[in-house]
Ligand SMILES: NC(=O)c1ccc[n+]([C@@H]2O[C@H](COP(=O)([O-])OP(=O)(O)OC[C@H]3O[C@@H](n4cnc5c(N)ncnc54)[C@H](O)[C@@H]3O)[C@@H](O)[C@H]2O)c1
Ligand SMILES: O=C(O)[C@H](O)[C@H](O)COP(=O)(O)O
């Protein structure tokens with residue numbers, strides 16, 4: 001019988017492959033060479049380093065990661081050793097968009113920002129960045145899209161050079177993969193030099209990979225007030241993160257930007273389907289079951305006396321009260337990994353209906369463009 005080793009923190013997975021395989025589950029960090037000796041496939045997430053040390057002399061033929069990022073897979077080694085691998089492109093991109101939306105909502109609510117007067121630089125315009133860019137455009141912001149590989153490939157006027165707009169953006173949000181070589185390498189892309197050229201008081205958001213920002217340089221830039229605020233979901237050396245940096249950033253979360261139930265379900269679906277295609281199991285269209293509903297799927301807002309930014313911010317923060325995640329991490333930073341494993345149910349915008357009392361159709365259209373399933377004006 002087919003043997004599959006799987007990470008035990010992949011929601012919706014249990015039961016999917018059991019009719020076809022002997023499936024054993026372990027915490028991601030504990031999956032090692034010994035556990036993979038007789039495995040045909042590994043269904044994984046970012047916490048298992050899929051490299052020579054883990055994979056040599058095993059019978060693994062396929063790795064499927066239920067995540068967007070695949071920097072935990074030594075793809076060169078796998079390819080030269082006939083191990084196929086897949087990730088889950090785009091699976092939780094809407095969830096990361098919701099994370100950035102929640103930050104914009106906090107800037108409106110707590111710092112009085114008027115989004116139409118602000119500019120955002122989106123660095124990396126792939127699955128996540130393109131959604132963040134569309135969100136910011138729907139909110140009326142000026143958007144600078146920065147993506148050198150796409151700029152080279154697609155040409156045209158759409159993309160900016162980071163150096164040309166770095167001093168114009170009120171927010172710089174990073175959505176690149178982590179790469180350590182080549183012309184477009186992103187390791188420490190945000191370094192002392194880049195931080196020093198930012199508009200004074202700018203907000204830096206990183207939900208890509210921790211190593212895209214040099215944490216030491218970021219601390220200095222916050223201390224010297226070169227930048228106004230930093231928002232970090234991803235960190236160098238997770239889960240042993242720099243607690244001094246944590247104290248200095250405005251919003252700190254334990255790598256959960258992509259942790260909506262919807263994103264998790266899609267990641268699991270893409271993994272199961274990849275296993276099915278590879279081993280011809282006949283469940284190429286497998287779907288996750290029983291995705292939990294939001295506690296309060298209807299958002300009711302009286303718009304009288306409120307401006308559009310505040311109304312939208314209220315709805316966004318109803319779906320995702322991001323400060324809860326910040327408070328939990330600051331409560332005990334040693335619980336970084338536990339907080340990820342025990343993450344509460346979060347649903348994306350499309351799981352919600354909004355009722356606007358005294359609202360306008362124009363506002364309703366804007367909120368639908370952001371992603372809410374239904375927006376009713378009463
Ligand atoms: N925090 C989380 O929970 C979470 C969730 C999902 C994804 N991620 C991470 O977010 C990042 C983006 O994910 P994605 O799905 O959009 O990836 P993607 O591959 O779809 O898009 C990445 C984009 O970055 C561009 N890029 C590459 N090098 C660049 C550079 N030097 N400067 C600017 N742009 C560059 C690429 O051309 C591409 O368009 C990845 O690092 C992923 O691992 C994190
Ligand atoms: O790459 C991704 O998809 C995200 O970073 C994802 O949220 C990582 O999840 P993990 O495997 O660490 O649970």
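Quick reminder: no glycine exception, Cβ is built from N, Cα and C everywhere.
Per TrEMBL, the features are:
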- 209: active site (ACT_SITE)
- 238: active site (ACT_SITE)
- 255: active site, proton donor (ACT_SITE)
- 46, 67, 259: substrate binding site (BINDING)
- 147, 176, 233, 258: NAD(+) binding site (BINDING)
- 22-280: domain 'D-isomer specific 2-hydroxyacid dehydrogenase catalytic' (DOMAIN)
- 110-257: domain 'D-isomer specific 2-hydroxyacid dehydrogenase NAD-binding' (DOMAIN)
- 292-371: domain 'Erythronate-4-phosphate dehydrogenase dimerisation' (DOMAIN)
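Taking the features listed in TrEMBL, we show where each one sits on the structure.
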| residue | record | Cβ contacts under 8 Å, 6 or more apart |
| --- | --- | --- |
| 46 | substrate binding site | 28, 65, 67, 69, 71, 72 |
| 147 | NAD(+) binding site | 123, 124, 125, 126, 129, 159 |
| 176 | NAD(+) binding site | 123, 124, 186, 189, 208, 212 |
| 209 | active site | 69, 71, 177, 178, 186, 234 |
| 233 | NAD(+) binding site | 99, 206, 207, 253, 254, 255, 256, 257 |
| 238 | active site | 210, 255, 336 |
| 258 | NAD(+) binding site | 67, 68, 91, 92, 93, 95, 96, 99, 207 |
| 259 | substrate binding site | 92, 95, 340, 343, 346 |
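Most Cβ neighbours within 10 Å, among the recorded positions 67, 255: 67 holds that distinction in the structure as shown.
Close to the recorded substrate site, the chain also has 45, 66, 68, 69, 92, 255, 258, 267: residues not among 46, 67, 259 whose Cβ is within 8 Å of the site's Cβ mean position. Filtering 46, 176, 209, 238 by Cβ distance to ligand 2 (under 6 A) retains the following recorded positions: 46. Mean model confidence of the domain 'D-isomer specific 2-hydroxyacid dehydrogenase NAD-binding' (110-257) amounts to 98 (pLDDT, 0 to 100 scale).
When every Cα pair among 46, 67, 259 is compared, the largest distance found for this substrate site is 13 Å. Within the set of recorded positions 46, 67, 176, 238, 176 have a CB atom less than 6 Å from some atom of ligand 1. When the record's NAD(+)-binding residues 147, 176, 233, 258 are compared pairwise by CA position, the greatest distance found is 21 Å.
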